[in-house]
Amino acid sequence: MLRFLARRSLGAIVILLLISAITFFLFFALPAEPARLACGKSCDPTSLAIINKNLGLDEPVPVQYAKFMAGIVAGRDFAVGHCDAPCFGYSFVSQEPVWGTIVDRFPTTLSLALGGAAVFLVCGIGIGMVAAWRRGTWIDKLFSSLSLLGASLQIYFVGVLCLAWFVSGLGIMDQPAYYPFTDNPAKWFSGMLLPWLVLSLIFMANYSRMTRSQMVEQLQEDHVRTARAKGLSGRTVFFRYAWRGAIAPIVTIFGIDLGSLFGGAMVTEYTFTLHGIGRLAVESVQLTDLPMLMGVMLVSAAAIVMFNILVDAAYAVIDPRVRLA
Amino acid sequence: MTTDATPAFLSVRDLHVRFATEDGTVKAVDGLSFDLERGRTLGIVGESGSGKSVTNLTVLGLHDPRTTTVTGEIHLDGQELTRAPERTLERLRGNTMAMIFQDPLTALSPYYTVGRQIAEPYRKHTGASKRDARLRAVEMLEKVGIPNPRLRVDDYPHQFSGGMRQRAMIAMALVCDPDLLIADEPTTALDVTVQAQILDLLKDLQQEFGSAIILITHDLGVVANTADDLLVMYAGRAVERGTVREVLRAPRHPYTWGLLSSMPRLSSAVDEPLSPIPGTPPSLLAPPPGCPFHPRCGYTAEVGGERCRGERPTLPDGRGAACHLGTERTRTLFTEQIKPRLG
């Protein structure tokens, strides 16, 4: 297990390096000059050159990249003073340290993703289990049709409808907002509840359908029949033998979905006017804010890569035939 | 075969098993009766789809009640099983009656240790503690000849070889000293050398536990060495029965002749082709009228084809065959035509 984690962490670093390089060099292909934006309307070549020098944009791109990456590991000295590692530099736009902004925004996205995931995992798998247990009955058919409906919905559509109905109209739910969990767990919960439910509605369908089909498949397996031949009760066979075999593919899909929760965070955050990493990413592209964009990209990518490693490790725990090494 | 008042230990009477499929009703077992006493081994042979596995899954009540209709009676030690509630069957399964499946790779759960899978039914049926059940699992592994059982008890099935998995499977089936053991092609998935070991093991364990064994196979060689009695099945029906000696020495059904002739033997010349039974097993959606074997039978002319096509031959209790040729005619045919070919 340790060897596996070490190897995967090395792989993750390579991936993150690639992502950072691609982001950095693509940025300079953008038809925009960050210095000119900072310079304002009455801009002359002298002040433009000063700004370029202050932002470090006067150096060749590879040198800029190397300095940037070195800053993340070892910290970096700027005209305004020393920036401690992990240093992603200062925002071109707000002049604030990038790392501070990310630390500020990241909990929103994380709460959104993990809370939503918890809700849709529990509901989706639960519904799938009920459908598999009662397969062929009206409950099963009802759930199947509903999950097909759920899977075809989009956040920006359902989200806006729910906001209009439950928040503005009926007023039975709070306007989505982020309150730090450590300050007030109850407010954190009520502020996140609507986005979680909407996310769940959309993601849940996959899980209930997957759980149902996996369970039905597992129930046909020879080893499940053996368990019944041993005299184990239907419930034990269902929850211990069939379920154990059904988890692995669900975990795989969950790893992918966690990625898309981060990757697709901007849609959710814009829908519910939340200020997380996704919104930050869009804003930094619009404002050609290179350090901020780099910070957002690397932190989200690191989160996704880390979740994938965890999912693979979980795989080995679930299925003893999977050898990690 | 007992016909007196006390029924046999296992008594199957006029068993019919039907599956509802999209194409219609499959008559998987069509009026099957047989008896089995403790300490005896009954071999059931037949081609794939002859109903041998279905019969035994039905005895254990492992068929899918949603799609399967079962009529007839199954008595185990005096208790009727086809109408028994699921709770009763759960109490009997793994305890009084146990089953060994064909493919030990897929029949063991890959997710739990061998020891746990053996200990589980023991705990359930005897209420033993976790520790005692584990000791019992070690004891059973030792009994079926797994080396280092104390260590191997914590292995997962994929860490076992094929033969060891089948041994573990047998340990699992025997952990509660069942009175009835059903072995469904227990050696088909194994190497020839391992096959003999497993069959010997089954015989030894039967001596020790005195169980009744049903051995399902398509291999007459396996039956010859292991079983006491033999039931030949075709298209969901029993077509011939007797002791193994009787059936293999003087088979009375043309289908049994076919099975024997299609077996390769060491004495035959290298270039001598095998003689398979012509045709294919009938569709159980619409089995042929009369004798189900008549479309593939080479002897219908002997009795006049009409009778074979129109009238279903019955299988008498005890030694006999379900064939219109009759005992005398089959005996002559076998000694004159079939036996010389078998060599």
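The backbone N, Cα and C atoms fix where each Cβ goes, glycine too.
Predicted automatically and left uncurated, TrEMBL annotations should be read as such.
Some features that TrEMBL has for this protein:
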TRANSMEM  A:12-32  transmembrane segment
DOMAIN    A:106-315  domain 'ABC transmembrane type-1'
TRANSMEM  A:112-133  transmembrane segment
TRANSMEM  A:145-168  transmembrane segment
TRANSMEM  A:188-207  transmembrane segment
TRANSMEM  A:245-272  transmembrane segment
TRANSMEM  A:292-318  transmembrane segment
Interface-richest range of A:112-133, A:188-207, A:292-318 toward the transmembrane segment (A:145-168), CB pairs under 8 Å: A:188-207
Cβ-Cβ under 8 Å with the transmembrane segment (A:12-32): same-chain residues at least 6 beyond its ends: 61, 64-65, 68-69, 288, 290, 293-294, 297-298, 301-302, 305-306, 309
Distant-in-sequence neighbours of the transmembrane segment (A:245-272), which means Cβ under 8 A and at least six residues beyond its ends: 108-109, 112-113, 116-117, 121, 125, 155-156, 159-160, 163, 176, 194-195, 198-199, 203, 206-207, 210-211, 214-215, 217-218, 221, 223-224, 278-279, 281-282, 300, 303-304, 307-308, 310-312, 314-315, 318-319
